[in-house]
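Worksheet: the structure to be examined is printed underneath.
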Amino acid sequence: MAPTVEGGDAALLPEFPRGPLDAYRARASFSWKELALFTEGEDMLRFKKTIFSALENDPLFARSPGADLSLEKYRELNFLRCKRIFEYDFLSVEDMFKSPLKVPALIQCLGMYDSSLAAKYLLHTLVFGSAVYSSGSERHLTYIQKIFSMEIFGCFALTELSHGSNTKAIRTTAHYDPATKEFIIHSPDFEAAKFWVGNMGKTATHAVVFAKLHVPGDQCHGLHPFIVQIRDPKTLLPMPGVMVGDMGKKLGQNGLDNGFAMFHKVRVPRQSLLNRMGDVTPEGTYVSPFKDVRQRFGVSLGGLSSGRVSILSLAVVNLKLAIAIALRFSATRRQFGPTQEEEIAVLEYPMQQCRLLPYLAAAYALDHFSKSLFLDLVELQRGHASGDCSARQAELGREIHALASAGKPLASWTAQQGIQECREACGGHGYLAMNRLGVLRDDNDPNCTYEGDNNVLLQQTSNYLLGLLAHRVQDGACFRSPLKSVDFLDAYPSILDQKFEVSSVADCLDSAVALAAYKWLVCYLLRETYQKLNQEKRSGSSDFEARNNCQVSHGRPLALAFLELTVVQRFHEHVHQPCVPPSLRAVLGRLSALYALWSLSRHAALLYRGGYFSGEQAGEVLESAVLALCSQLKDDAVALVDVIAPPDFVLDSPIGRADGELYKNLWGAVLQESKVLERASWWPEFSVNKPVIGSLKSKL
């Protein structure tokens, strides 16, 4: 077990080393320590520091600059590191229930160190483990203990070679044999091979396998999850009838072993069926507490929401790391100035501010959203575990599914765009692999695809909203949801009558202005999408064709605008709650307003097209407000980064270190990478520079 960090605030939040970043830290309008305590709480800060300290002091996690590990070695090392995380026992099962936010906190800490490690851990615990917990019953609880002791290692096998997003077309079968009381898991051909399954390539011993359940008489009851052993835990050799392997090198996250598997009439006990949504009696009769097949199918795929919420959180981690590196670089990199003798930090340039500071605000807003959505997911899973089959529970599942289905695209795309902007904002130095921005970009890239392609997922959210409006039109139903994310739509006719009436930049510097505009935008897009859908159907298009024809310019922006509104709403409420310390209200209010207005500005064309904006002034005010907020946050940028950046060992970027010694750190890292320190005796000024290089070498 890792030792817990003891001591007061000085040990928990030590001062940063003196250096070139001191000037910006001195200009901050708030105490970074106070914001860290408000944002995380003392207990969570101690938890994170315990994790980071354990990693830094463990040789297994030592950084090896310039060492290019082979694919085999990297995957082996990543598994050993994952195993060590369980040995440290940072988070027991009891702690997970007592303090659920420590679950994403642990995954974020691991993700800051290495995305592959975080992915491997969360696929085993949150995706595989949550599937067993939420889809199984009491007879499956023994697996939970084995998961956390790593007696077994798990994966989530849904996707197949020929089908991913279209889960209803999955072709793996599970035929029940009442004579032996077993299910026969079978892949009818190679196109039905389970594919892209994280952890399956080298290390998984068990899989939650989704297959179409057939009972005697060949009656099919659709997709159901089964626990299937695929390898011997002692030898890691495949089980009889299972062909399993590794898919090879990917564009990123190569510490994670994605794999494939085919099953040839593999027999598993009847109890292997995760039976919370449906079961088969020993005689072969299918029973389910859900009469609605669609509801049962939706609940059975609830594990996907866990994965999507986790991916959302990891995308935020990647954005945090990139923006921390880029802003520390920008505060110390000096180029040009009012005179030839005076150069200024590139952070002083409005162009650099508007390129980076909106992504800093996005990191804060999306981080809060990911935490709040995770707590919503915990509520849903506890309801499943208690056997809650109420209408509210079902509606909560649909709402979380809609939020997670749009949340993953928004977060992963924001991180994708933000990391690229950070890379370019750091110039040529950002292109050096050692500064980590390229790795972050590549490791974030799969977040846009796995657990559902982003563009396909957005259709889930737009369909959810369209269904609510259809219910309203046909039955006069109110817009109500357990998390209240759609309740504002109840007033959508009157909201559509509103106009943008802010005439000055000063009046626009509040996220409440963007909230009102976003509510109008979502109402407008919902009405337009609904009308477009009906128009397509009246013209003879099938429902399938009509929905596809609506997606590009209607459904997709509707889903994104709805999710952005939800993020803005939750962050606005968070930073304006009475418990916010007075000294933090201004900076948090600016972050909230910047994220809201910057996000809204990308929908300016729609706001004009729908008539909410009119004349040049509206667009000019919005643009000027974003620039003004960037200028106001410029002096707080370094302190805001200090709150979210991990220790230097974890951040692992010479240009992003907390001491701000940009050139010394980069020069020392380059010398170490090129291995010229031992061959530098020919350098005429080596004797002068030897002490500097020596100190750099010892530091590195």
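Cβ from N, Cα, C; glycine included.
Record features, source TrEMBL:
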ACT_SITE  Glu451  active site, proton acceptor
BINDING   Thr159, Gly198  FAD binding site
DOMAIN    155-264  domain 'Acyl-CoA oxidase/dehydrogenase middle'
DOMAIN    302-466  domain 'Acyl-CoA oxidase C-alpha1'
DOMAIN    511-687  domain 'Acyl-CoA oxidase C-terminal'
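The average pLDDT computed over the domain 'Acyl-CoA oxidase/dehydrogenase middle' (155-264) stands at 95. Calculated from their C-alpha atoms, the gap between Thr159 (FAD binding site) and the residue listed as 'active site, proton acceptor' amounts to 9 Å. Assigned with DSSP, the residues of the domain 'Acyl-CoA oxidase/dehydrogenase middle' (155-264) fall into helix, strand and coil as follows: 6 helix, 53 strand, 51 coil.
Shown in sequence order, Leu304, Gly307, Arg308, Ile311, Lys408 are the residues of the chain, 6+ apart in sequence, with a C-beta less than 8 angstroms from the C-beta of the residue listed as 'active site, proton acceptor'.
Around the Cβ of Gly198 (FAD binding site), a 10 Å sphere holds 26 further Cβ atoms from the protein chains shown.
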